[in-house]
Amino acid sequence: MIRKQPLFSRPVQQTVPAPKRRSFLGRVWGGMGRALRKTCTVIGALILFSAFVNILVFSFAGEEKKIILPDQFILTLTLDDGLNEDENKTGGLIPRGLLPEPMDVYAMIDTIERSVNDKRVKALAVSIDGGGFPMSAVQELRGAIAKFRASGRPAVVFSPSFADAASNFTAYYLASSFDEIWMQPVGMIFLTGIDTESPYIRSALEKIGVKGAYFQRKEYKNAFEGVTSDSMSAASAEMNASMLADIMDQLLDDVSADRKMSRDDVMAAIDLGVLTDEESVAKGFVDHLGFGDEVMKALRKKLEVEDEKSMPTIALDDYRDARGHEYLQALMAKKPGEKDKKRPSVALVNVSDMIVPGTGEAGGLFGDKIAGAEDISAAIRKAAKDDNIAAIVLRINSPGGSPSASETIRHATSFAREKGKPVIVSMGSVAGSGGYWIATDASHIFAMPTTMTGSIGVIAGKFDLSGLWAKLGVNWDGVSVGENADMWSFNKGFDESGTERMNAMTDRIYATFIKRVAEGRNMTPEQVEEVARGRVWTGRQAHKIGLVDSLGGLNDALDYAAKDIGAGTRHDVRVVRLPEGSGPLHELMKELGIEVRMPDPINAMMSAWADLTATSKMPGGVAVYDAGLNRWK
């Protein structure tokens, strides 16, 4: 038998003494050292990842083809994912530009309005195919379409079918603002009207031993009605019917005017619910049946050109990008002694989603935001103290949230007013409850006719799971110090003492809310009480009862701010968005509690670059966004 020899020489056997047992402190320090090394390794990996992603993004950006606008072209826009109202997604480890980032509706509006004065733009063609279309956003975009049409140039819209349940009536509502509506053969229009419905699950919850214990001020504050009732209350039914009637009235007015038909004809079609392709044409809701390429062929014929080469299409994002290049080239072509007239600045502060105490960092890697009172109030105070900022526009798209957080933001707006800075509020789709609270001290409030606002009221409470635990055979036990120490426990309902405290709390918050509205809107508490009680109003209704000053969108608010400071229009001011966005490395350092400071020369350079590119990110400027699909090819 032949034994196999090792490839390398056999090691010499040695006796290794057992390591000495380390002391307790030594083991603790050793463990902390290992944890620190692992933490540093993770941080280093994240920093390298962030740097790699940035290099990747900038590499792709550098390869982008520069677009030179031809002498004449058709401006196109494809809406295959509805309208995006959220222009406040910033931060996170993944920088903007790597992930698909749809153009928000305000950038669309501003770009279309700017194209009105560009003689190279001969027509506007928009494709609609699915997604959500918030009513107030549609109304703002309809205003921009109307301005384009007023310039005498054609605006056409095409959709394979207006039968997307997600958009319901609103997609067609947008389409009705165009000169011509094209729909693909076999397409349909869902003119199903508008409705609202909610589940009422009190009985279902009781079957599993769960109860809702909530306190509301007052009868219209119905946020948790679904868990405390089995049907809609009379107050909720009255409020909902009133809002829907007002919205339907607006739809009938606008569609009948744009399509040149009577309100009765529009309502009759709505009562049918669904129109086939042939019915849509016969009843005047669609002008032509055809496909995307046929739309462009007909449009070029109207413009008296023969082919795409003579009249190419330019997507709205590419157009905005090209206008940005033109602006920068004009700026760089100026002689050293030439300077633009210094424009005053207007701060644009966004309040989106739920209003909460503290900061609004809630999305981590992808940079999703909520309305953190600390961030928002700090931004308002920063703008108030900045001598270069002459006015503040507060853009609110929030259903409300914490009363204390709302009061923090309201106090900041009051501080800005005391500093002599006008604060103009622009309400988006919703600015209710805490969203209205933060607007009460504004100099002027704008809302769209279909904005949901008001909801001046309070609701608070909890679920009582004691019945559920009993059914499951689970017994919770413990000790407490203080009569109401377990008041917020889900394992019991509110006792007599807890109920008294809850009523005192909600009464106090409601009274303060009434007081804030009365002081801010120059109303008596009795006048506010008549329109409060937790009731939600449309923007048009709120305007009639004095909760809103003017009907209009974000650009109207910016124009008002510019005029208020003597600067003309929004195009005559520099819009500064606050809170400021930050890069991926800064976000990481902030998460770790590390303050990052730039050397003065770098700060100066970044400030100059920010000023140069301000128009690329703000309403009233020029911006770049993701192109998406071009349905016209």
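Keep in mind that glycine also has a Cβ here, set from the backbone N, Cα and C atoms.
Taken from TrEMBL, the feature transmembrane segment covers 42-62. Summarising the annotation, TrEMBL assigns domain 'Peptidase S49' to 164-305, 417-564. As annotated by TrEMBL, active site, proton donor/acceptor applies to LYS221. If you look up TrEMBL, you'll see SER433 marked as active site, nucleophile.
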LYS221 (active site, proton donor/acceptor) versus SER433 (active site, nucleophile) - Cα distance in angstrom: 9
Other CB atoms within 10 A, centred on SER433 (active site, nucleophile): 26
Nonlocal residues around LYS221 (active site, proton donor/acceptor), in sequence order (Cβ under 8 Å, 6 or more apart): SER455, GLY457, VAL458, ILE459, ARG533, GLY534
For the domain 'Peptidase S49' (417-564), the number of residues DSSP places in helix, strand and coil: 63 helix, 29 strand, 56 coil
